[in-house]
Amino acid sequence: AMDWQVLTRELSLYLESQVRVGFFGSGVGLSLVLGFGVAYACYYLNSIAKKPRLVASNDRFCRFLEEYCPVVTETYYPTIWCWEGRVQTLLRPFITSRPQVQYRNELIKTADGGQISLDWFDNNDSSYYPDASTRPTVLLLPGLTGTSKESYILHMIHQSETLGYRCVVFNNRGIAGEELLTPRTYCAANTEDLEAVIHHVHSLHPSAPFMAAGVSMGGMLLLNYLGKTGRDTPLMAAAIFSAGWNVFESVESLEKPLNWLLFNYYLTTCLQSSISRHRQMLEKLFDMDLVMKARTVREFDKQFTSVMFGYRSIDDYYEDASPCRKLKSVGIPVLCLNSVDDVFSPAHAIPVETAKQNANVALVLTSCGGHIGFLEGIWPRKCTYMDRVFKQFVQAVFEHGNKIFSM
């Protein structure tokens, strides 16, 4: 007993000498810090770190994912110091690294006289697929105002490079530095440009396995395309990340005071700056002064997007742009990752019941992750949970796809 007393006295003297100053100099301070640390760890492990919810009516699709894309069944441990949805959404662009990617740009003409900028990552050094004609190809669709330079796109390309695949990024009209040749940009509902790009890529490499991945608005556009085409598409499968399922619910969520302050106003200014470069061309059809006065995404869509694509009202546009209405018609395997704390796509608007009615659809719903956040690890510079889902699912489709295509 004497030895134990000596040991504890020595330890407390050592700790006091290490943390002699102020509050922490007392045993009470140290105990409080340790107590808080233990309580926080318990809270994190019990309430924050959870397995995602996998929603899929097709047992074969479920078994396929469990075997070849196990990340969707494993516990997701969000970054311990920033797991809240808004914080993850805000920090990801600043924290995550930006892998170096050398693109080859291609401009393709559209039927209406416009042009689309494609950024190719050919991966000609691919040792797994040295034959370019059969090298698997992933079409990537960035989010609203996003281009091939977004960090999440660069990470997807980095993951694809290690697997030997080729990537091509579909930049929406007028976004990636190219000129607008007609007074038309893009929207989530109109799939004509995407159809042209898919046809173009497939015609260049008709023997190459081909799939697509869309993020945020890119995911919405891809879902709207898949809902329209059903099985009649050269794509084998698709991955969708942080899509806004119901545009009415998304804009309503983004108009709540805090969300307006953090996201809506900034997003509106991004939309305005992306079209201000083309002001001369667009002034032929729009009152640009009015468009530039918009203070919310809804006001911008009312004055600009819905008018450009000939909708009678903004409600008609939002109805047409909402992928939840098209999900039942999707005819190829689709994996959709959403976080239930994403303010851009509120949990109550995720079409869980509709997804259960389509054997081609699997939803993966995490409790944390925000909008294109999904940060994990103590210092989440490199790979996010979303990147890992992308890598495993794309590899599963290209290398074991025949296991689900007999569904």
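Cβ coordinates come from backbone N, Cα and C, glycine included.
Note that the coordinates shown come from a computational prediction; the quantities given were computed from them, not determined experimentally.
Now, the feature entries from TrEMBL:
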type	residues	note
ACT_SITE	Ser216	active site, charge relay system
ACT_SITE	Asp342	active site, charge relay system
ACT_SITE	His371	active site, charge relay system
DOMAIN	136-377	domain 'AB hydrolase-1'
TRANSMEM	20-45	transmembrane segment
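Cβ neighbours of Asp342 (active site, charge relay system) (same chain, under 8 Å, six or more residues apart in sequence): Gly85, Thr89, Ser242, Gly369, Gly370, His371. Ser216 (active site, charge relay system): 26 other CB atoms within 10 A of its CB, across all protein chains.
For the domain 'AB hydrolase-1' (136-377), the mean pLDDT of the prediction comes to 96.
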